[in-house]
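Quick notes on the structure that follows.
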Amino acid sequence: MKNPIINNIPCVLLAGGKSSRFIINNIPINKALMPLKSYPSLLEYQYTRLLKLFKQVIISAKKSYELNAPYLLEKEGGLFSPLFGIHNAFLTLQTPYIFFIAIDTPLVSFESIKILCGIQNFSVVYAKSPTKEHYLISLWHQSILNALNYTLKTQNYRLSDLIKNASSTAIHFDKEEEFLNLNTLKDYELAVQILKEGSNGRRRKDRTP
């Protein structure tokens, strides 16, 4: 069944991270540029996939990539925190709600995203799997802006501190696998295997493009 497009909430794909733990042959690699499935990069895979669910998908990054897509450029060159991308997105897009997702979480199902986007009476609605909170798979409301401004001003870049002190709620999901974060090469290889199994029809029916 075709996924209905989410028209009223833009999706911002957070791709401004450092990839410091993603190492191949002792060299840190920008994981956004790692190939995935039939796509030349994780960035293109995520962008293309999310466009099937959201009418508007924007990439938040330190720089533009070769991929032809709308970008929100983070101006804080030497500082790495998703809070910069989130803050910049609200200031630029001027919209009440924004769904944020990290580039390195390519297995999150459309069904889970739709559940998160359907709960709109909190400043932040984020996913929680059996073992971990996933603050960067989340729906944010502009009411967070004052607290976000203060957080950046005081240089407390801990995402958990901001969210726990805000009007937030965690939505619990049972499947750990779909929230796999590609921090390392081993994580990436596991995701490749999971997507391959999905393509063979054994699982993940609603999660691949």
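A Cβ is built for glycine as well, from the same backbone N, Cα and C atoms used for every other residue.
As given in Swiss-Prot:
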type	residues	note
BINDING	LEU14, ALA15, GLY16, LYS31, ASP104	GTP binding site
BINDING	ASP104	Mg(2+) binding site
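LYS31 (GTP binding site) falls within a helix when secondary structure is assigned with DSSP. When each of the binding-site residues LEU14, ALA15 is scored by how many other Cβ atoms sit within 10 Å of its Cβ, LEU14 comes out lowest. Cβ neighbours within 10 Å of ASP104 (GTP binding site), excluding its own Cβ and spanning all shown chains: 24. Sequence-distant neighbours of GLY16 (GTP binding site) (same chain, 6+ apart, CB under 8 A from its CB) are SER60, ALA61, LYS62, GLU74, PHE80, PRO82, PHE84, GLY85.
Taken residue by residue with DSSP, LEU14 (GTP binding site) is part of a strand. Counted over all residue pairs in LEU14, ALA15, GLY16, LYS31, ASP104, the record's binders of GTP, the longest Cα to Cα distance measures 12 angstrom. ASP104 (GTP binding site) carries neither a helix nor a strand DSSP state and counts as coil. All protein chains shown were included, and the count of other CB atoms within 10 Å of the CB of LYS31 (GTP binding site) stands at 24.
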